[in-house]
Amino acid sequence: MATPLPLVFSAPKRGMPPAHFADLSDEQRIEALSELGLPKFRLNQIARHYYGRLEADPMTMTDLPEAARAKVKDALFPTLMEPIRVVEADDENTQKTLWKLHDGTLLESVLMRYPDRATLCISSQAGCGMACPFCATGQGGLDRNLSVGEIVDQVRNAAATMQAEGGRLSNIVFMGMGEPLANYKRVVSAVRQITQPSPEGFGISQRSVTVSTVGLAPAIRKLADEDMSVTLAVSLHTPDDELRDELVPVNNRWSVAEVLDAARYYADKSGRRVSIEYALIRDVNDQGWRADMLGQKLHKALGSRVHVNLIPLNPTPGSKWDASPRERQDEFVRRVIAQGVPCTVRDTKGQEIAAACGQLAAEENSEEK
């Protein structure tokens, strides 16, 4: 049996990129412009280009003095990431991009187009330190936290793609690589930039942003106190501590009861329904009695402020884990609903391009070895 990986909460400091416009406060931006000999009002112009027009190259910002554009680019807009692989599925409605960062680490984002919306799944860390055994990213370990700029620029890239198609990016889910609440300050800063109206941000509604977590209970409570209305998604995966200690090792630190108590605090503070993510794994966590227990615990802890998303597992190559058969999925849904908790099977757009978190990066790394 493979030795379990240790939990890693503190990311290595190495490899962080040069400061980007999105990393800086307004005061820091004004100071940087002043050092370039540019007045304060240029900040508003640059912000409107970046957040409003989705431009990241000052050479195209024609209302800036021509002589200053290269200096602004060097000082505030370093190249953060380059696409090295793009894979499409679902009649090109799902697009997964593998990005190489300045230090060679990899991250992924997935753009999913639906008839009524466009959703971007973004990464908050390069790798992940939560060590969940059925997750490709968790088994790869944590390289480092992403900077605010690296998180925000995933959104700008996708928003620009949708704009070029005559559409609009409407939803953001922090469900890519990494544990968002383990990179807390940067994720919260990124959420504020994603949701503030132009020229301070991209103007996406907070209610259209989902932040996921494997259950860092103190950070869930801290997020509740930020007075934001983003959706909280808790990756629970089983209702009992005995199995969750194995599937989600952070459960050894914060139990199911502690996580659900923190989720209730978030629901009470935000007024938002909490989403419970549950990856159905054949013969591991898909038993009917676990569905009953899940529904009972969620109804007791969260009442009407909860919804269960069942996720058919995306098996990783060589893994012992496999997805539950459809009939067992349907039975699980029926039994959770019978406990008074809404439950649906999540659409698995992009399954054929390994759209589960970390799988494209894992494939790339194995090809390089």
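Each residue's number is its place along the chain shown, starting with 1.
Each residue, glycine too, has its Cβ placed from N, Cα and C.
Here is what Swiss-Prot says about this protein:
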type	residues	note
ACT_SITE	E108	active site, proton acceptor
DOMAIN	114-352	domain 'Radical SAM core'
DISULFID	C121-C357	disulfide bond
BINDING	G178, E179, S212, S235, L236, H237, N314	S-adenosyl-L-methionine binding site
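Shown here: features listed in Swiss-Prot, placed on the structure.
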residue	record	Cβ within 10 Å
E108	active site, proton acceptor	27
C121	disulfide bond	26
G178	S-adenosyl-L-methionine binding site	32
E179	S-adenosyl-L-methionine binding site	29
S212	S-adenosyl-L-methionine binding site	22
S235	S-adenosyl-L-methionine binding site	24
L236	S-adenosyl-L-methionine binding site	26
H237	S-adenosyl-L-methionine binding site	26
N314	S-adenosyl-L-methionine binding site	21
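Of the recorded residues, N314 (S-adenosyl-L-methionine binding site) and the residue listed as 'active site, proton acceptor' place their C-alpha atoms 16 Å from one another. Relative to C121 (disulfide bond), the binding-site residues G178, S235, L236 all have Cα atoms farther than 10 Å away.
Site extent for S-adenosyl-L-methionine: among the recorded binding residues G178, E179, S212, S235, L236, H237, N314, the largest C-alpha separation is 18 Å. In this structure, E179 (S-adenosyl-L-methionine binding site) belongs to neither helix nor strand by DSSP; it is coil. If you measure from the Cα atom of L236 (S-adenosyl-L-methionine binding site) to that of the residue listed as 'active site, proton acceptor', you get 23 Å. Taking only the Cα positions, the spacing between G178 (S-adenosyl-L-methionine binding site) and E108 (active site, proton acceptor) is 10 angstrom. On a Cα basis, the residue listed as 'active site, proton acceptor' lies 19 Å away from S235 (S-adenosyl-L-methionine binding site).
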